[in-house]
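What Swiss-Prot records for His48, Glu75 is active site, proton acceptor, and it gives sequence analysis as the kind of evidence. Feature annotation from Swiss-Prot assigns active site, proton donor to His199. Per Swiss-Prot, the feature 3-amino-2-oxopropyl phosphate binding site maps to Asn12, Arg23, Gly200, Gly221, Phe222. Positions annotated as 1-deoxy-D-xylulose 5-phosphate binding site by Swiss-Prot, on the basis of sequence analysis: Asp14, His15, Arg50, His55, Thr105. Here Swiss-Prot flags Glu156 as site 'Transition state stabilizer', drawing on sequence analysis.
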Amino acid sequence: MSKAPPLRLGVNIDHIATLRNARGGRHPDPLRAAFAAIEAGADGITAHLREDRRHIRDADMQRLKAEISKPLNFEMAATDDMIRIALGVKPHAVCLVPERREELTTEGGLDVVGQQASLGPAIARFNDAGIRTSLFIAADPAQIEMAAKLKAPAIEIHTGAWCDAITDGDAAKANTEWQRIFAGAALARSAGLEVHAGHGLDYATAETISELPQIVELNIGFYMIGEALFVGLGETVRAMRAAMDRGRAKAIAA
């Protein structure tokens, strides 16, 4: 039997804030969603404070840090302003992501190789502050190796291309992307990085990727918030947790 570590579920609540902001005001409250997710079994809460504040706002991050009982993962672009805000909030972790104002969601992985001169000092500042840093990257060997060189504690593998290929019915592309993820997770772990994954995951893909023993955390948001409209957030978190547990059980039995 292999030694697969426990697998954490981070619930991204950005799109609770998207719905709130569509009408203004305070309802629905992202903090209430965080409480519900944690009660249902989430191991942490993820929120992305974008530069345009299109969903999560500064006050949301402060409230989440002050009131939730589980770790807060602060997704952010590595800008001077966001670094200053994150150091003030002092979350358990930050996940550095690429960001473009015109995108609907994070479209690709961070170019760690191309941005090493700016990312290195940012990672060092967070490490010094006791805030764990992960880098949201494609499962590309050069990016993974640079993440390790810059002393990032963790990476989050971008699973979007794999999930999109499955949704589109493109089996060949899905297999190619899966092989990249499979190899990338192994390379990252051998380089001493903690390995997370996320973007576009649903119940089926979360179960599949949970079979990779190197991965210790999945961060999932949009699919779960969509499902919650029909069955409730608590039930969605429990169903996702069950899917992950089924996948991890296969890894342990292998």
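Just so you know, glycine gets a Cβ as well, placed from its N, Cα and C.
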Glu75 (active site, proton acceptor) and Asp14 (1-deoxy-D-xylulose 5-phosphate binding site), Cα-Cα, nearest whole angstrom: 10
Least surrounded among the recorded positions, given as His15, Arg23, His48, His55, His199, when other CB atoms within 10 Å are counted: Arg23
Candidates His55, Glu75, Phe222 (recorded positions) with Cα within 10 Å of His48 (active site, proton acceptor): His55, Glu75
The one of Arg50, Gly200, Phe222 whose CB sees the fewest other CB atoms within 10 Å, among these binding-site residues: Phe222
Phe222 (3-amino-2-oxopropyl phosphate binding site) versus Glu75 (active site, proton acceptor) - Cα distance in angstrom: 15
Candidate binding-site residues His15, Arg50, His55, pick with smallest Cα gap to Gly221 (3-amino-2-oxopropyl phosphate binding site): His15
Among Arg50, His55, Glu156, His199, which are recorded as recorded positions, the nearest neighbour of Phe222 (3-amino-2-oxopropyl phosphate binding site) by Cα: His199
For Arg50 (1-deoxy-D-xylulose 5-phosphate binding site), the one of Asn12, Arg23, Glu156, His199, Gly200 that lies nearest, given that the recorded positions are compared by Cα: Asn12
Gly200 (3-amino-2-oxopropyl phosphate binding site) versus Glu156 (site 'Transition state stabilizer') - Cα distance in angstrom: 13
Packing count at Gly221 (3-amino-2-oxopropyl phosphate binding site) (other Cβ atoms within 10 Å of its Cβ): 22
Residues satisfying Cβ distance under 8 Å from Asn12 (3-amino-2-oxopropyl phosphate binding site), sequence separation of at least 6: Ile45, Thr46, Ala47, His48, Glu75, Gly198, Asn219, Ile220, Gly221, Phe222, Met224
Residue with minimal Cβ packing [other Cβ atoms within 10 Å] among the recorded positions Asp14, Glu75, Glu156: Asp14
Max CA-CA distance, Å, over listed 3-amino-2-oxopropyl phosphate-binding residues Asn12, Arg23, Gly200, Gly221, Phe222: 26
